[in-house]
Each structure stands twice: as structure tokens, then as C-alpha cells.
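Chemist: The structure is given below, and queries will be raised subsequently.
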Amino acid sequence: MEVPPATSLSSETLAFRSSSVSSLQLFRPNLYKNHFKFKSFRNLSVRGSSAERSVVTLLDYGAGNVRSVRNAIRHLGFDIKDVQTPQDILNADRLIFPGSVARLVCSNGMAEALCTYIENDRPFLGICLGLQLLFESSEENGPVNGLGLIPGMVQRFDSSNGFRVPHIGWNALQIREDSEILEDVGNHHVYFVHSYRAIPSDKNKDWISSTSNYGDKFIASVKRGNVHAVQFHPEKSGGKIQKPVEGKASKLAKRVIACLDVRTNDKGDLVVTKGDQYDVRENTKENEVRNLGKPVELAGQYYIDGADEISFLNITGFRDFPLGDLPMLQVLRYTSENVFVPLTVGGGIRDFTDANGRPLSFQCYECILCEGRSSYRYYSSLEVASEYFRSGADKISIGSDAVYAAEDYLRTGVKIGKSSLEQISRVYGNQAVVVSIDPRRVYLKDPDDVEFKAVRVTNPGPNGEEFAWYQCTVNGGREGRPIGAYELAKAVEELGAGEILLNCIDCDGQGKGFDTDLIKLISDAVSIPVIASSGAGAVEHFSEVFRKTNASAALAAGIFHRKEVPIQSVKEHLFKEGIEVRM
């Protein structure tokens, strides 16, 4: 839906609402006072002028998903001016800073210009790292110096108390009475994704406008005059559930994630499909690919229905040229224009060499001449991931490539730093990297029969076996590897994974519930969040997995696509069971 044209400088408000009753509130600029004002994440509004379209200056640091910030700004009816020089900062009427690496911002006079701008009480909104950079220093990738405008150091969350790091998901705010910019937000969850935080103190208390709790109390937002910054992501905290559950946000919510397996069908159309133990073809004479809808439309509907995240898995796998799969990149771009919750994408994120010498839209590759016959071009997994992030992804999911990296690490005990997992987490942070694990159950009579971690299973095997180990697979479950799910999970956490998507081939498409034996095994073994996947068939399966395991989120696909179990029904059930969910 297009934003209506601006009308006047009066108190009339222009409201944008997305393709449903849901909407996202980023900020509400008052053109008289020239400052940012937050209202509700449920009602997006913006004042505008017919004489001159308002402009927001954006300090884009070139890493991570800034596309969603851009889309949200445009939805609010603003034009965007990108910062190219320090003077652009000083000339800005209002400045948004989605965060950056301190070394980058502190080069070429940017830091001095930013400090001058903020010290002059100009309209400023910092997001996530844009908040952290205001402090004196940070331990992340450092220590590194911040701008020093707010007393305190940004430090890593303490995972020794059982809280999982990164802090990923929808958490509650404790808002101070005078925090006008967060009006109407206090009863709702907002989206956080970070491993480092600033702690309240007597020295910085006058800056604090809200806090949140995760193991301990940390600063969620700051305010002084026209200067505001938030640790959470307002551009990802959108969406009103069609039939909201009554209640007030109080802590980190369990997430309900909708997954879309995307591939081309036999006619060449990009469709959402769903497998039965990873088989996505219908059991018919034609044996066609199961078609459950169009990816952009379904993602938009799930956003309206209240999904906390959307996950795309390209199961075609970009066999030859991952970056040439323009339809999938377009799916991300179009989806991010109207879906303001986190987007994850997986499939084909690996190093590869293109034998046809095809260029990218960005110049970051090596050309290799092969005996003078043809031009080969090498692309790193980091470049592939970067294109995903630029197209609207918030997180990327790595599957087979992470298995190979873990095998090498366990064999040598050495982190070489060249795997896709290590490269991407080093540049974008481990909170941007999900490792997808696809294991099969292998039943045992005696757990000592294998070198891998085995567990006693709730349901015995076909011959009465009471134990099982979980063998990891690659290539869409087609090839088993000599590594267990437990061993893989521990290894990828050390290599830089920020989250684990835990599937189970045996349960996939069966609708009999999640494999709680597997999920408990892995969620107890690692200190990063675990997403339960495969097997959901009823609302009770979601409460069961959250009761019996330490899973942070639960993912489903087919039951949502076929409308057997609506997302809202899952949330209503969890709420009634006393499990915190996003309202």
C-alpha cells in the first residue's frame, strides 16, 4: 500500500497501514519541534508537508540488513539521503544511524561530525549498535572506543547463569514515566538481537528512558533532548496480530516461526512447497512438486497472522550459481518491503567458482584464468551472504557447509577461520548466523555401541531399542555423515554460530510432534538459542516442546501452509498455558 501524499504542516497526521490491520511505528517526527517521537508500534503515523517532502539522512555503514530500515523510512513518507561525507551529517535535519563498527565511523571525520551533531541536540535516532556507540567503549571486537557521550562500557551478556547468548527475540521494556517517545509501547514486546549490552549506573541514569531484563537489567533505550537511541530494532518490531491476545509483555517471549521451503517447480515457477521426510513431490502419476503458494504472498500473510519470524529455505540449493538466483533475491527484496519482522534465508551459502565468469552486482571477487581457455570467477561465502543481507535478510542459515567445517574442526582442533560459518560470523556477528542441523535417528540397544552422544528415547525403536544417536546429514538429507547432532552443535557454537535450527528427518511432515528427545539433548548442550523444527501437527505440540526442552523458538511449515493450524491459534494456546508469547 502506497503512502498518501503529504498534505500540510498542520496537526493532521498521515497514517500508513500495511496490507492488513497490522502496522509498524518507527517514529513520529513533529515538524514544529523537529524531534522524533515514538508512539505505538501498532499505529504508524507521520507528519508531512505538501511544500517539501521530508528527508531523513541515513548513516548506512554497509553491513547487515539496512534495507528494512530504508523500507520503514519510506513507508513513513520520507525521502532518504545517504551520508557520504561528514558535512552530510552536519547538514542533516534528522539523522538515523543503524549502527556501525567503531573503527569505520571514527574514520574520515565521521566521529567528530556525529559528536557535534548530537551535542547540538539535533534530531537523532540510533538503532542497536547505534546506541552502543554512544558509550565510552565496547568489548565487542575490542575493546574499542565509542563516542564517549554516555558514561559506561558495553559488555557481553553473562551466559554462565543459564541465559542464552545472543539475546534473540521479543522482550519487554520497563519504561520510565517521562519516556514520552515510547508512549504505548510498554505493554508490547519489541525485537532484540545482540550479544553485548550497557548496564545502568548512577553515572548514566539521566540518559536512560527504558530498560529490559535478560539475566540482568540492561539499557534498552536512551534519551536526552532530541537525541534518542534504542537497543532493540523498531524496524523489526512491527505487526499487530489480527486477534490480539489480552495481556502485558513481561519477559522474553517464546517465538513462533513460519518456514517457507522455496524451489522452482517443473514449470519453472518459484513456489512454496513442503516435504514428507524431505520428499517434496506429490505421490501421483505426474510426481509434480507440491505447490502450496507463492512465497511473497504467504510471507505477508504470516506477518499479518502474527509470525514472530519468517524463514525462507531455498531447497533448490543454487546448484551452479548461487548469486544468479535472482528470483530468490527478489523474494527477499519484495518481502522486506511489507514484512517488518526478522527474515532468515538459507540455501547455497558457500564458497563457489562460476565456470561461466558471470559478474556480480558488486565488485568483490577474484578472476582466475584456467589455462587460457575460460575465465573462472571465485566467490566466497561471505560475498554470497552479503548479497542476501543487502536484499533484506536479517539472518542467514548454513547447512551442509557447517557440517564440513565442524568435521574439520573436530578432526584437527584448529579454527582456520576460512569456513563460511567463521567468516560470516566474524564480519556480521554470530547473531546473524543460524546453523541448520538435519539429523536422522539411529536406534541402538546399547549407547556405548557408537562414539557419538546417544540418549534414551521416549518411543523405542522398531526392534525395541531404547537408545538412539542422531546422525547428521548433508545435501538435503541425502547423505549421512560421521558426526552426531550433539557433536555438531557443540562444534558450530565454538565456530561462531549464534543460533541452531534443529530439524529431524524422521519427524518431518508426520504431524506427530517435535522430537523432544533430540531437542532437549541439543538445547541442554549449548548456550545459544535453539529453534525446534519438524513434526508440528497441533497446537499442543508447541506447548509440549517448550515445557519439555529449553528451545527458544518453534518452527512449522506445512500446518500453516495448509491452514490446518493458524499461527494465532498456536499463540492463544501458549498464552493459556502460561507460556510468554508476543501479543
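Glycine is treated like the rest: Cβ placed from N, Cα and C.
Below are the features listed in TrEMBL for this protein:
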- CYS128: active site, for GATase activity (ACT_SITE)
- HIS233: active site, for GATase activity (ACT_SITE)
- GLU235: active site, for GATase activity (ACT_SITE)
- ASP261: active site (ACT_SITE)
- ASP438: active site (ACT_SITE)
- CYS128: L-glutamine binding site (BINDING)
- GLY348, ASN503: substrate binding site (BINDING)
- 58-240: domain 'Glutamine amidotransferase' (DOMAIN)
Chemist: Rounded to a whole number, how many Å is the Cα of HIS233 (active site, for GATase activity) away from the Cα of CYS128 (active site, for GATase activity)?
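Modeler: Distance (Cα to Cα, whole Å): 7 Å.
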Chemist: Given ASP261 (active site) and ASN503 (substrate binding site), what distance in Å do their CA atoms have, once rounded to a whole number?
Modeler: 13
Chemist: If you measure GLU235 (active site, for GATase activity) to CYS128 (active site, for GATase activity) at Cα, how many Å is it?
Modeler: 11
Chemist: Taking every residue in the domain 'Glutamine amidotransferase' (58-240), what is their average pLDDT?
Modeler: 89
Chemist: What does the structure give for the C-alpha distance between ASN503 (substrate binding site) and CYS128 (active site, for GATase activity)? Integer Å is fine.
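Modeler: If we compare the Cα positions of ASN503 (substrate binding site) and CYS128 (active site, for GATase activity), the gap is 30 Å.
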Chemist: For the C-alpha pair, I'd like the distance in angstrom between ASP438 (active site) and CYS128 (active site, for GATase activity), rounded off.
Modeler: 32
Chemist: Give me the CA-CA distance between GLY348 (substrate binding site) and CYS128 (active site, for GATase activity), in Å, as a whole number.
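Modeler: GLY348 (substrate binding site) to CYS128 (active site, for GATase activity), Cα-Cα distance: 29 Å.
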